[in-house]
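Trainee: One structure is given below, represented as structure tokens, and several questions about it will come after.
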Amino acid sequence: MISKDEKQVEQKSIVPQNHEEDDVEEDDVVDDTPGAGEETKKKKKKKKPKKKKAQQSDPPRVGLSKIFTNGVYPEGEIQPYKDDNAWRTTSEEKRYDERMAMEDPEITYQSIRRAAEVHRQVRQSARKHIRPGMTMTEVANFIEDGSRALVEENGLESGIGFPTGLSLNHCAAHYTPNAGDTNVLQSGDVLKVDVGVHVKGRIVDSAFTLNFEPTYDKLIEAVRAATDTGVRESGIDVRLGEIGGAIQETMESYEVEVNGKIYPGIQLLFSVSDSFDTFPVKSIENLSGHSIGLYQIHGGKSVQLVKNDDQTKMEEGEYFAIETFGSTGRGRVVESGECSHYAKIIDAPRVPLRLTSAKSLLKSISSNFGTLPFCRRYLDRVGETKYLLALNHLVQQGIVQDYPPLCDAKGSMTAQFEHTIFLRPTVKEVISRGDDY
């Protein structure tokens, strides 16, 4: 909770930092040149105060339109295409295509870049503020309050792209606290932070992993390196199966040592002595990256984390979330635990709903979230109550999809890193890249 005094300090910090004070009228200055009379006295004009653009507060709560007043947001990391697509970088035709896109308000790159800058500022603040002892609800609220403020949440025009993922330890994905959750972050936890922000339906999907002591540093290093490999290997006309092979090769080149003992999540096919103290990091074989559509977090194409025979190609103009998961356990997840994540299915069948409450809830979901994922806390926030029966009915009717937590073996640890990339006509832009990762 923020005390009254702290709130006042926070509000004050939102005021532009370098705002100039009002100018004081300056003394008259007499022109002493020969022949000058009293009427030739001149006064210095008042200096007009210069307008300073707003600066970000800490924690971040200033909307980005107040900082980037010209509507131009930072470009992501640029990676040139290679091999058969290297020509695109200097192609006048492709450069013209990009100029036309930037002038079209429906497809301009500024929407996704604005969302990415929100993501960078919020996550960098979160990395400083998240500490053991916080409840998972406090962590979620800290991140989501920042995202809503910076993106200047406005219905389906701009806002949160999906529920903040805060999966712990052996849980790899799709956990966010429901109302009444009492989980508290511990110093030995490995926390995956998966944050989504959208502007006009263009979703930035990016994730990182936090730990608070060094035992699993190598696991985190492996997953970050694997994600960077996936980003580097991605490009127009690249086959998805080949990217999976490159990710797996990087991921599984790492080993982790835990207290000089065999990690309990590993299933070994041979006996070893008690002195055996290392084990390989495994790509989680049934999780994947994915293409991203307009208002659609999963756009239809999957980038698996292991080598496979998928001959599907990446194409010009597509957005992808390149995300990788590594594990000290089986390297395979199953659904486990109370569900928090849901989304209305885009091509859901039109079926009669026997529950009046389900009809009402569906109307609320459509108006507040559209096809963007949501969680129970978000339903609470828009005023829905006693909705579980209706929500489960929508799931059973195939109108809403539920996404339960995905977990590896208990006792194992998992980590995640993720970036959103955009395959522009001339170059590949890593939209979500920042100084932190």
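Glycine is treated like the rest: Cβ placed from N, Cα and C.
Among the features that TrEMBL reports, substrate binding site is placed at His174, His298. Among the features that TrEMBL reports, divalent metal cation 1 binding site is placed at Asp194, Asp205, Glu418. What TrEMBL records for Asp205, His290, Glu323, Glu418 is divalent metal cation 2 binding site. The compositional bias 'Basic and acidic residues' annotation in TrEMBL covers 1-10. Taken from TrEMBL, the feature compositional bias 'Acidic residues' covers 20-31. Annotation comment: TrEMBL describes 111-324 as domain 'Peptidase M24'.
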Trainee: Measuring Cα to Cα, how far is Asp205 (divalent metal cation 1 binding site) from His298 (substrate binding site) in Å?
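Mentor: About 10 Å separate the Cα atoms of these two residues.
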Trainee: Show which residues of the chain containing His174 (substrate binding site), separated from it by at least 6 in sequence, have their CB under 8 Å from its CB.
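Mentor: Long-range Cβ contacts: Gly165, Ser167, Ser340, His341, Tyr403, Pro404, Pro405, Leu406.
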Trainee: Judged by the number of other CB atoms within 10 angstroms, which among Asp194, Asp205 is the least packed of the binding-site residues?
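Mentor: Ranked by other Cβ atoms within 10 Å, the binding-site residues Asp194, Asp205 bottom out at Asp194.
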Trainee: Using C-alpha atoms only, work out the spacing between Glu323 (divalent metal cation 2 binding site) and His298 (substrate binding site) and round it to an integer in Å.
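Mentor: Here the two Cα atoms are 12 Å apart.
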Trainee: Starting from the divalent metal cation 2 site formed by Asp205, His290, Glu323, Glu418, give every other residue of that chain whose CB sits within 8 Å of the mean position of their CB atoms, in sequence order.
Mentor: Asp194, Ser206, Ala207, Gly289, Ile292, Phe320, Ala321, Ile322, His419, Thr420
Trainee: Of the binding-site residues Asp194, His290, Glu418, which one sits closest to His298 (substrate binding site) when you measure Cα to Cα?
Mentor: His290
Trainee: How many neighbouring Cβ atoms, not counting its own, are there within 10 Å of the Cβ of Glu418 (divalent metal cation 1 binding site)?
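Mentor: Taking all protein chains shown, Glu418 (divalent metal cation 1 binding site) has 25 Cβ neighbours within 10 Å.
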